[in-house]
């Protein structure tokens, strides 16, 4: 058996079973002691096959005298494992061998392991080892050191390593730019970029990505315009970056420009613009993209199908999401199943989500932790308390998935929504992990909804110790006091917020009209759209009073003000303005699709139900936690949200 044949056979093995058969042939042929053959086998098991790290560890320990290459292979594999700090063990073993010495790859791989573990202390020790072994001036090792310090959040050390390089190449310059951005040092990133003697496309894209991620969209646009050459990454960065920061019309604009330029779209740009549609609730634009995806042949890309499922779900059309899921021409991954389960959960279809979960189990796809988050979310929003608890236990006992803080949060939400507040509190107290601020905040939100003052005060005291400057916590407790009519307590909280310069997050709503996204914020400066919305809303509210006997639910206004002022305040909530604008602009028979950043208040919920009946229009509202589909005077949530 020749060496070349063994290497050729290994390259064709995609899983462990045939690799073991080749290993058996190697052993029979007496080649198992050949360092070259064994090194190739070890590399294939450790790096090329996803589930064979355990096998590669056994191989390594059975080889009589592993060389530096074999040590490096194991260091590399462990640096990419779920526990990357384990890569230190074979590195230490290598250093203890009297006849072997670490090379540049040894240091690069182990530094990558430290970077992935975000553990700075061993990284500093390894840095000193580079001096001891003469790699302090090595460009490859130096570049990896820059990245390691950046991943561990030490921008100053990263840039000091870079500044000490005698002749940094463009890769090192790019690493320094990325390191500064990684640590949130936007100014230093700009400074390094300005000093670069040579810039390649990666340099420009690094600046673009850094500015976009930091929310410096003006600077990102300037870099984009100055670029001498752009590729698919450049366009995708702009689309995803603007969408991520809520600039949806701009994200759509970049995608249109991408098509006009005749540049081929890729998986990232498509999923990026679909994500923008999902976040903005841009259903019509999403449908156009679906057609484009089909014509361009991207339906055979799993991630694009998953993005379409997510887009339709978040745009309020779960039926289309199910259709995409059912007609996928490629194998459904765990992401596909989880996406559709999450979509059903958002719309309050708890039983259907559970049924689909069972279908997933029967298909042989193993659920993961994210799947169970979606499933518990579905139970929470459908009031399926016992079923939710059953799945929480099943996750641990059957699938051996250790609950994360998110799973515990789902359980607190499950009990809280069902008004079982004491049970939620007891569950938190019995958690085997320390509850974070989000867990307590979830319970405080439930106390706000159900008006439990005593428990709300207790929870707020816990939150004050953990996150004293969070304005949302103060607002939630203020809501509890306001509903109970305790205006002195409300005033005290608001005075504290003013003294500490805390501001309540403003409520906003968006609606898509002719593929343009219109945003509304209560109390914003008037423009043409808001003026038209206010005029139409006054007409609507008058008609609801006359024809449906509507009276405002003034408990939704959390201020001790006169009744007339309360009525005026509650009538101007952003979702009402968005709905009024939609009724004024969209033709009869079209569905109004509204996205809101906060929980829909009780008065707006009532108004939407009455609007749907009086104006014979279907209104779909996505608030921060779920969908409400209003039709013929009823809501899909059955008043449970």
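The first residue you see is number 1, and the count goes up from there.
Here the Cβ of each residue, glycine as well, is placed from N, Cα and C on the backbone.
Marked as repeat 'PPR' by TrEMBL: 138-172, 200-230, 231-265, 333-367. According to TrEMBL, the feature domain 'DYW' maps to 549-641.
Through the fold, the repeat 'PPR' (200-230) approaches residues 170, 173-174, 177-178, 180-181, 184, 186, 189-190, 193, 237-238, 240-242, 244-245, 247, 250, 263 of its own chain, all at least 6 residues removed from its boundaries and within a Cβ separation under 8 Å. Counting residues 6+ beyond its ends, the repeat 'PPR' (333-367) has Cβ neighbours under 8 Å at 302-303, 305-306, 309-310, 312-314, 316, 318, 321-322, 325, 374-375, 377-379, 381-384, 387, 395, 399, 401, 622, 626-627, 629, 636-638, 640 in the same chain.
Per-residue confidence over the repeat 'PPR' (231-265) averages 86 (mean pLDDT, predicted model). Residue counts for the repeat 'PPR' (333-367) under DSSP (helix as H, G, I; strand as E, B; rest coil) come to 27 helix, 0 strand, 8 coil. Per DSSP, the repeat 'PPR' (231-265) is made up of 26 helix, 0 strand, 9 coil.
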